[in-house]
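Below is one structure; the comments refer to it alone.
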Amino acid sequence: PRLLEERSAEGRLALHVHDGLVLSLRKATVAAPRFRVLTNENGRSVTHFYDGDEINRNLYEDENKLATVEVTKRQGGVTMRGLVGPHQRIQPMPVMEKSEDGAVPHFIHEIEHDGFLDKVLTAGEENKTVIGERTSGAFTAAPAIVYIELFVVASKPHHHRFPETEHLIWYTCVMTNFANLRLAQLSAPKIQLVLVGMEKTQEETYAFLVENEYLFDEPTIKDFKSYAMRRKAQFGGPDIVFFLSGYDVFTIYNGKITTAGLGISYLAGLCTEFYVGLGEDKPGLFSGAHTLTHEVAHLLGATHDGDGPDSNVPGHPSAVSCGWDVGNIMSYINNGHTHHLFSECSLRQMQYVVRLRGVACWEHKGNAHFVQGTYPGMVVPFEDFCKGLVSTKEDIRYETFSVDTRSCKVYCKYKKYGGDSYYSHSHYEAQEDALDYMPCGDNGEVCIKGYCVWKPREEEKPTRPHHPITTTTEPSTKPREEEKPTQPHRPTTTTTEPSSKPPETLTYCNPGCKCHCGDSFHLPKNHEDIRLRR
């Protein structure tokens, strides 16, 4: 491939792929500004945060040719990987020297498309009641564009194919943008998927596997729904959770088992407890990109073309007037170009359900889970904070706490039991810096950056950082400079006058900081884990 020109007017790249294909590429944005990746490390659930702007930096799309590629400019040439159309993927040739003119040779592969068969489940009367409560009265006016937060749970075969997390993130971004290029047909409101996170775990307790190769669709999606609801807070409260299956999905069709099944999801499950879907994808081959698009459309409210409305969604439009044989996205028939377009019925159904879900489904978009005006000390009780400082909770019971207003350190006191006797115990203490906005005085003072100060007015509150934090599990084994190895001085009960100095704007970890975020209140597992490593 060769870069022909960068058009300053629109900022597009004109990229010559081969004699029959020239792409007009514009920047694509898929990853949320604060992108979370959940992993299981040493038996603990750990959350890592990535800079979404960095993920999106080299991502481009051609909306007309339905291409999504990562383009890296190099001296004398470019490398690209991704989708150059609905049927072809591209990647650089490995260990290959450049040609005389500096161009880097690439492979172009045809994407294998299996015969499509999926299953869609309805949420049932339970969901009908929930929707009825939400939609009594008139629709709330929708914004011009609604961002649908998508969280992907990647299967173990995908972990093996992409051992580097960054490569798996790139792969899921391209898959997501494949769907976005098709959802671009929508208007009033426009709908765009934003990939907010991904989970990599070795514990697929929800997967109904046969011979560790075949995945049974219906029992898996039901268990996956329960799993996704339990993990919703850890996932960041997304609107849709999708299981990207590297296993061969099988289903029961007309009473017989068949491996032609490629996906399953809940109809109109968006922003409800039925917000899950799954789809088969051969890791690294993008074979599941169409399946992802199809299943997400089900979750957004689209039935198969030719089907009637969902009786569990009041006022849901019908798709009877849109013929199955036309071969649009919500049909299994592939007639070529129409297979990459939604029918008018599908568009109406998705618009209806997205508007139906209302502000509760839209309001947190664009901030990538930053909660303005809310800080850790506001939501973590002292008892939970103290329990998080000790690892041997089975023989230690929390008793009380105190806050030193001079240093904003929290001193936690426990009873430590010995043997089997309830009456045989000793006292145990631990201390740690207070979380920001933990109370520290008798007159409404709070701790901010280690100072006990008057609580700032609304306009003085710390602003959220522009860049997300990066989180890992490396605990510090070296004490901070201000810490002394000796037992800390026990605080007095007298309250000193809080500082009148206005607090500075809170600063957050830069990408070099490393700290642990567990899955319970994001509290540390032990005293060492709470420390930031400089």
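Every residue, even glycine, has its Cβ placed from backbone N, Cα and C.
TrEMBL labels come from automatic prediction, so no person has curated them.
Within His304, His316, the residue that TrEMBL lists together with His294, His298 for binding Zn(2+) is His304. Neighbour density around each Cβ, counted as other Cβ atoms within 10 Å, peaks among the binding-site residues His298, His304 at His298.
Summary of the Zn(2+) site environment: with the site residues His294, His298, His304 set aside, the chain residues having Cβ atoms within 8 Å of the Cβ mean position are Asp118, Val120, Ser265, Glu295, Ala297, Ala302, Thr303, Ile329, Met330. Averaged across the domain 'Peptidase M12B' (146-366), pLDDT for the predicted model comes to 93. For Glu295 (active site), the same-chain residues that are 6 or more apart in sequence and have a Cβ closer than 8 Å to its Cβ are Asp118, Phe242, Gly263, Ile264, Ser265, Gly277, Leu278, Gly279.
In sequence order, Phe116, Asp118, Gly263, Gly279, Ile329, Met330 are the residues near His294 (Zn(2+) binding site), counting only same-chain partners six or more apart with C-beta under 8 A.
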